[in-house]
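Working notes, beginning with the structure itself.
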Amino acid sequence: MERPSPCGSWLVGCLFTIAVFQPPVQVLGDAGKVYIAPLRDTANLPCPLFLWPNMVLSEMRWYRPGHLPRTQAVHVFRDGQDRDEDLMPEYKGRTALVRDAHKESYILQISNVRLEDRGLYQCQVWVGNSSREDNVTLQVAVLGSDPYIHVKGYDAGWIELLCQSVGWFPKPWTEWRDTTGRALLSLSEVHSLDENGLFRTAVSSRIRDNALGNVSCTIHNEALGQEKTTAMIIGAPERGSLSSPAVALSVVLPVLGLLILLGIWLICKQKKSKEKLLYEQAMEVENLLEDHAKEKGRLHKALKKLRSELKLKRAAANAGWRRARLHFVAVTLDPDTAHPKLILSEDRRCVRLGDRKRPVPDNPERFDFVVSVLGSEYFTTGCHYWEVYVGEKTKWILGVCSESVSRKGKVTASPANGHWLVRQSRGNEYEALTSPQTSFRLKESPKCVGIFLDYEAGIISFYNVTDKSHIFTFTHSFSSPLRPFFEPCLHDEGKNTAPLIICTELQKSEESIVPKQEGKDRANGDVSLKMNPSLLSPQGSELFLLNDTWPSNLGPALKGLKVPSL
């Protein structure tokens, strides 16, 4: 058996040493290379580092050197997956990493390339605890519009030409060539940036006015290695041709003539348009007048119909009021519920507001905040109607409330809290205390208010006895005893001192409810309202506060209230 050659063993050992101490990541020849990508296209940036076979990539990061913050990356690849953390906001969702198996490396793809993406990119590769980085450059390029050539002017045998184009990046360069293909000298070059950061270019040159053939303008984009060319044909001049001013005049005069003809045509057209517009406006006005007449007739018919309906409603309300009066009851006031500032007559049918509180027992039934009083009657079934004389009072509250309403403290009056009330707030302004409140006006202010309760039907209606009209109706399903409610309200600077008076008998409407002087003959069937003498002189009555007196002229007014005989 032959022994191995010492030289062969040495060679194997050297190769093993090279393999062991060879770095896992090596630099390719692509380091520092410039890559070009069209605007809004996809850029491919190969990482200039490659891995030895069987080496496992731990992490790869792409950075923009010089961009802050340094910790944010363009793309992060770690543990075999793309990562979203620590990414620059402008690159999120636009990058991807593709494996280049041929070079044992990776390619960074940037979609929808922008001008701001151009510049230096750094690829950093980690294998275990070892890392290495190197750079590549991205250049963004845009091929602009086709060049446009036009004659800028004429000057002493020369024709000055201007070549323009827009939408280039990076800055292009322009080349003029004459009819023989020779390069022409550029007279001026202007390059500017538009709002999108792309270059506009305008380059001028000139040729002799006796030149014949094509003149071309070529704009080059060196980054893309592409160009765009436009040519202009120069015609042959005739012998003895006119001078430049004559040529200009020969061009200007026909154009001026065309402009004059065009102006005349436009004036005639505008005149016809105005006439047509005036005719259309006249027709529109005529149609509007006709429509107005029709609408006026329609509104007249509608108004006539509404008046008829209103007349029927008034007749129905009048009939309802007359039926309600068939259920008249004599209501009295309950002194145990009266607020301490209220003063009641001895027969408990009149109530007014005093100047101070009376020393009365603070029983549970008495109102201590709301200046009100309830009727003595409890209604749990049937129909009931009563009338209250309000006279010239400017404020009052009348209606019905549940026996269970709170008597202590401030209470919001509403059907939900067991109150079905109507209030005169000021002048001819009235409110039904619903939730929210319902405001309305009356054609004639009532001197006497009728209140009708139909317990089973769940109806509480208010009537103006003065003109026999309906005021307001509440509807509700009642389940507890109901009682009449009275509140004379504050004095209103002395204009509201008159009392609320419960009528002992039905009152006539219109003139008969106005108090008459004593001594005049009464109408047939009329009787005087019977009043207790203590109403005029309340001293000594347990229902009045000492030194509080009723007005001296109240007696004749109360005696003048008339009621019809039924």
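Placement of Cβ uses the backbone N, Cα and C atoms for every residue, glycine included.
Listed in Swiss-Prot as the disulfide partner of CYS123, from the options CYS47, CYS217, is CYS47. Per Swiss-Prot, the residue from the list SER130, SER241, SER425, SER509 bearing the note phosphoserine is SER509. Looking up ASN214, ASN464 in Swiss-Prot shows the N-linked glycosylation site annotation sitting on ASN214. Residue-level annotations in Swiss-Prot identify, among ASN135, ASN547, ASN135 as N-linked glycosylation site.
Under the DSSP three-state reduction, CYS123 (disulfide bond) is assigned to strand.
A Cα-Cα distance of 6 Å separates ASN135 (N-linked glycosylation site) from CYS123 (disulfide bond).
Around ASN214 (N-linked glycosylation site), a 10 Å sphere centred on its CB holds 14 further CB atoms from the protein chains shown.
With a cut-off of 8 Å between CB atoms and residues at least 6 apart in sequence, the same chain places LEU45, CYS47, PRO48, LEU49, MET60, ARG61, TRP62, TYR106, LEU108, GLU133, ASP134, ASN135, VAL136 near CYS123 (disulfide bond), listed in sequence order. In terms of DSSP helix, strand and coil, the domain 'Ig-like V-type' (30-139) has 6 helix, 57 strand, 47 coil.
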